[in-house]
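S.K.: Following this message is one structure expressed as structure tokens.
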Amino acid sequence: MFTARIARSMASESAPAASSVAPGSSGAPMADCVLEVRGVGKSFPGVVALDGVQFRVRRGTVHALMGENGAGKSTLMKIIAGVYTPDQGEILINGEPVVLNGPLDALDRGIAMIHQELNLMPYMTVAENIWIRREPKNRFGLIDHAELRRRTAALFERLSIDIDPETDVRTLTVASRQMVEIAKAVSFDSDVLIMDEPTSALTDKEVTHLFRIIRQLREQGKGIVYITHKMNELFEIADEFSVFRDGKYIGTHASSDVTRDDIIRMMVGREITQMFPKEEVPIGDVVLSVKDLCVDGVFRDVSFELRAGEILGVAGLVGSGRSNVAEALFGVVPATSGEIRIDGKPVRISTPAQAMKHGMAFLTEDRKDSGCFLNLDLLANMEAAVLSRRYVKFNFVQQAQLKRDCEEMSRMLRVKSPGLHEEIQNLSGGNQQKVLIGRWLLTQPRILILDEPTRGIDVGAKAEIHRLVSALAGKGVAVLMISSEMPEVLGMSDRVMVMHEGRMTGIVDRKDADQVRIMDLASR
């Protein structure tokens, strides 16, 4: 079976023996702690999310929170932000025990959180989103829109944010929405600011801007909790960090006292010797050929070939048109001109259904908005792409076989969940991503398009997904992989296609590809 062959290929790279770093302590004086968590536990049906953890944040510091997906980071932050109620333990603010009765209570007590999944109202303006429920009123009790604009403009000037306060949020890019979320959190003048993967959709320039804001807040004495999977960010912005693993507190250290390998060992409980396990496999015949592909006003004249067993990386800055090309290939946004050939034969792809009939699969970059059915369980999410194909005979769904294959896929991908009937919204981001990958692998694709396959995923899960992608290529699947992470592009690709402002600026062979050359092509 397809999944069994892939599983054997992945298993051939066995994990090395576990090692650990002794947990440390920041040694923060009690009077210096703006926020402290003691012995907090939280369980969900079939899952212990937090097991008696501790955590401290000092004034005027950036405290990074590290751990694999499912380690308990987001659960702890939701408890601190008043979204969840802990089953046990206590929370102290400025040394005083408190009970948080919801997110508004947490805000009133000086705790603001920027969620990884943005929570803005799309049909309201930027200013209205920032000051919602706090709008200035005129003498008639109506919203004072002039004062609303003035407050927003003053806030943006302080944070050096160049966004029109009158713009509807729905018209903004994901990166701009992220900056609005950050400004909204800052507007509460909270003592504690929690940032959950704040750079996931930002360009390098925008990340630099965000770090300037964070340093400014740190100088004002704010305590900042910074959740990230990116090691370079930890060393650049964090004063200290804590690691969680499988719902347990592992330790706290000063960022200057450890190496990248130390942190990885703390996070995963083992060594990860090969982050980019690219197999050398025979490259087969051309499966997908694209010539002069265009979507008016978005990108133009994109041409390339993709062969069986090949991983073609796609690099470029945010806004370069990478994701738009993927959407055109899969029929999400039909191309306005150009030619697509599969196995040398011209094909017309104007809908995802047509793309799937030609053996294509597409993992989108935004798993929340266009990937997951959040209110449905794992089984429903995993089977969504195959119900009309392999498992329907004589107009009846072969439920037993489908469930067996979904269970096998879940085991192969090491999805951490109580079972197939758990709602996918209760899973960590990394496990949600694995479910979506499993959805498309069940279709047995010949051409697999991956758009940011490891965004927001911890280092251990990244290595697993890299092994999976390499194993798929080894079985002859043609892979088109879009990524904003340069090490991932360079480490996994046989060739790298580079885009800039809607144009393809070059294709570089693996042996000739390096960061300088790719960035040069990406900025032409």
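Using N, Cα and C of the backbone, Cβ positions are placed for all residues, glycine too.
The domain 'ABC transporter 1' annotation in Swiss-Prot covers 35-271, and the record cites sequence analysis as its basis. Residues or ranges marked as ATP binding site by Swiss-Prot on the basis of sequence analysis: Gly67, Glu68, Asn69, Gly70, Ala71, Gly72, Lys73, Ser74. The annotation domain 'ABC transporter 2' is assigned in Swiss-Prot to 281-520.
Quick one: where do these features end up spatially?
M.R.: Neighbour count (other Cβ atoms within 10 Å of the Cβ, all protein chains): 27 for Gly72 (ATP binding site).
Mean pLDDT for the domain 'ABC transporter 2' (281-520) in this predicted model: 88.
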S.K.: In three-state terms from DSSP, label Ser74 (ATP binding site) for me.
M.R.: helix
S.K.: Measure from the Cβ of Ser74 (ATP binding site) and count the other Cβ atoms within 10 Å, all protein chains considered.
M.R.: 22
S.K.: Long-range neighbours only, meaning 6 or more apart in sequence with Cβ under 8 Å: which ones does Glu68 (ATP binding site) have?
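M.R.: Glu68 (ATP binding site) has long-range Cβ partners Arg245, Met267, Val268, Gly430, Asp458, Val459, Gly460, Ala461.
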S.K.: Which state, by DSSP, holds Glu68 (ATP binding site): helix, strand or coil?
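M.R.: Going by the DSSP assignment, Glu68 (ATP binding site) belongs to neither helix nor strand, so it counts as coil.
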S.K.: Quiz question: given the binding-site residues Gly67, Gly70, which has the greatest number of C-beta atoms lying within 10 angstroms of its own C-beta?
M.R.: Gly67
S.K.: Long-range neighbours only, meaning 6 or more apart in sequence with Cβ under 8 Å: which ones does Ala71 (ATP binding site) have?
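M.R.: Listed in sequence order: Phe244, Arg245, Asp246, Gly247, Met267, Ser428, Asp458.
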